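To keep things clear, I will list the structure first and then write my remarks on it.
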């Protein structure tokens, strides 16, 4: 960038940061410093919050699409959980403690469901905080994928699906004694950047409508950052009698979702990206009330009637009978009835700490409003780079704001990725790479600033200069 362009971008960023009504939530997070990310040894103690005057020492962390940074209150909530365990033992399951913000362990999953429901646009009864992403996808398919070899047996997914989704579909098909050659349909993109148009999705659905049992798609495609038209695709699939599951790993906590109103059948997500739950933290699932109702009172004589069959465990059993230890499954109505084992309270406490901040920030509408401004500003600032630098990358994420979340994926010229990533890290910038040529840049509205976007572009420009020299 030219000196004038840099100065202008910094002034714009300063003005936008000053206007940011949710800027206060940035202070709720531990953003690593440049010195910390450069260090190769474990710190002696948990890092204390940096004084505001030292804010410039923080790294430029634009990797919330891979792992969100740590909320400061996570340590507080986990210490409260550990204190409960240390002082109450097994009583922590049932005994509410005065002055404790934490629910009993018996009710921790229900409290987490209350916190996540508005993030995904669901009734509380339609969500469960449980397991992990791929495990939840398998559990949903075990309940709702019932292939008929002479009728509906196919599963439709994208050809560039995240490997876990692809593996899950393959193995589910084989689990039912079918072949992937006949029962797995891949949506091919006509775009060189792998953008899947809604028309392409609908065309594949139409072509296989009579033989398709299930559709599995990402809310946001992990590689390109494309936001798919969830309501339109869901409605079209339903017209053809196809059950729809959405993988919301990159959409949850990133864009507003209205799963109940959109009539989504089921969905699953992880919580360590935009939800900031921590590495490998507990996931979640959504099952629309139409698919999770317990239609009648279940009796011990016919316990299998009155609800949709699923792989079951004791934590999905009604709380009134859960601890009776009788081998009669009486599922909780709603998504909670799909739970298996008692969940990790450590995980739920960590996730809930972050979800508290979502509430304080004003929810997904407020975050989306800032996110649109952040990502648009990042795109515009990239566009002000020198022409000779812009010739060595292109943005493969859709340019329309309504077709993307917080992420911009940059496709570099061949041979530049390794050097660019090394140079960015040396300048205190953390982004995500997808070999052979893509870096994914994600300004998360909870903790990123407009200044972060400018500093990234400055560092990226410098990194490209070094990479081009190395490539000669």
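Just so you know, the numbers here start at 1 and follow the chain as drawn.
Here the Cβ of each residue, glycine as well, is placed from N, Cα and C on the backbone.
Noted in TrEMBL for the protein shown:
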type    : residues                                              : note
BINDING : 133, 134, 162, 163, 164, 165, 247, 250, 272, 314, 342 : pyridoxal 5'-phosphate binding site
DOMAIN  : 61-289                                                : domain 'Aminotransferase class V'
MOD_RES : 273                                                   : N6-(pyridoxal phosphate)lysine
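In the predicted structure, the domain 'Aminotransferase class V' (61-289) carries a mean pLDDT of 97. Comparing residue 247 (pyridoxal 5'-phosphate binding site) with residue 273 (N6-(pyridoxal phosphate)lysine), their Cα atoms are 13 Å apart once rounded. Ranked by Cα separation from residue 273 (N6-(pyridoxal phosphate)lysine), the binding-site residues 133, 162, 164, 342 are led by 133. Comparing Cβ neighbour counts within 10 Å across the binding-site residues 162, 272, the minimum falls on 162. Packing around residue 133 (pyridoxal 5'-phosphate binding site) is summarised by its Cβ count: 24 other Cβ atoms lie within 10 angstroms of its Cβ, all protein chains included.
Max Cα-Cα distance over the annotated pyridoxal 5'-phosphate binders (133, 134, 162, 163, 164, 165, 247, 250, 272, 314, 342) is 31 Å.
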